[in-house]
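Peer 1: In case it helps, Swiss-Prot gives these features for our protein:
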BINDING   21-26, 38-40, 42-43, Gly69, 124-125, Asp127, 155-156  GTP binding site
BINDING   Ser25, Thr43, Asp66  Mg(2+) binding site
LIPID     Cys213  S-geranylgeranyl cysteine
LIPID     Cys215  S-geranylgeranyl cysteine
MOD_RES   Ala2  N-acetylalanine
MOD_RES   Cys215  cysteine methyl ester
REGION    188-215  region 'Disordered'
MOTIF     42-47  motif 'Switch 1'
MOTIF     68-77  motif 'Switch 2'
Amino acid sequence: MATTPYNYSYIFKYIIIGDMGVGKSCLLHQFTEKKFMADCPHTIGVEFGTRIIEVSGQKIKLQIWDTAGQERFRAVTRSYYRGAAGALMVYDITRRSTYNHLSSWLTDARNLTNPNTVIILIGNKADLEAQRDVTYEEAKQFAEENGLLFLEASAKTGENVEDAFLEAAKKIYQNIQDGSLDLNAAESGVQHKPSAPQGGRLTSEPQPQREGCGC
């Protein structure tokens with residue numbers, strides 16, 4: 001029986017990190033479903049989503065792990081950092097506390113992922129300009145000082161959501177092309193021409209769980 005060909009050439013593993021309530025699940029849903037969830041449930045542990053994109057003529061399947069922001073789940077969610085090719089680190093532009101905690105999230109990301117993991121800083125809820133509590137300029141400076149990509153976005157309107165995931169993928173693909181990302185390394189977070197059945201995952205991690213409400 002003939003094997004069904006893949007309709008993508010690479011798999012990139014992403015994680016989404018940041019405080020509870022910054023809109024991580026809403027960003028994931030907007031990217032994968034093109035819809036805004038007004039009542040995004042709190043993520044319990046992790047949630048999973050996928051989407052196929054195109055970068056430089058290559059079809060790439062993004063496997064995206066949305067991690068819980070509550071401190072009580074940090075021990076569980078840290079295990080999902082390993083083997084991530086990209087990380088979206090999210091804060092809420094209307095809540096300075098979520099911005100102030102970025103250094104802690106960045107420390108975890110740098111300690112638990114490989115040195116070539118692409119990290120993009122996302123200032124979510126850009127549609128709430130009147131309630132802004134973190135300036136674009138200071139967040140951009142933080143990103144530049146720490147070697148991060150940076151965008152402000154809105155999970156509600158969809159502004160820059162596509163770009164957030166695509167810009168990280170472009171950088172990862174660039175790292176593959178220039179040889180700075182070793183695809184043979186288990187922690188690279190990238191699979192090229194995967195041999196597992198379609199729908200297979202990069203890891204054998206348990207199914208994510210959700211409950212409650214919030215974002």
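Glycine is treated like the rest: Cβ placed from N, Cα and C.
What's the neighbourhood like for these features in this structure?
Peer 2: Its own atom aside, the Cβ of Ser25 (Mg(2+) binding site) has 24 Cβ atoms within 10 angstroms in the protein chains shown.
For Asp66 (Mg(2+) binding site), the Cβ neighbour count at a 10 Å cut-off comes to 29, with all displayed protein chains included.
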Peer 1: Provide the three-state secondary structure of Asn124 (GTP binding site) computed with DSSP.
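Peer 2: Note: Asn124 (GTP binding site) is in a strand by DSSP.
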Peer 1: Taking only the residues in the motif 'Switch 1' (42-47), give me the average pLDDT of this model.
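Peer 2: Result for the motif 'Switch 1' (42-47): average pLDDT 56.
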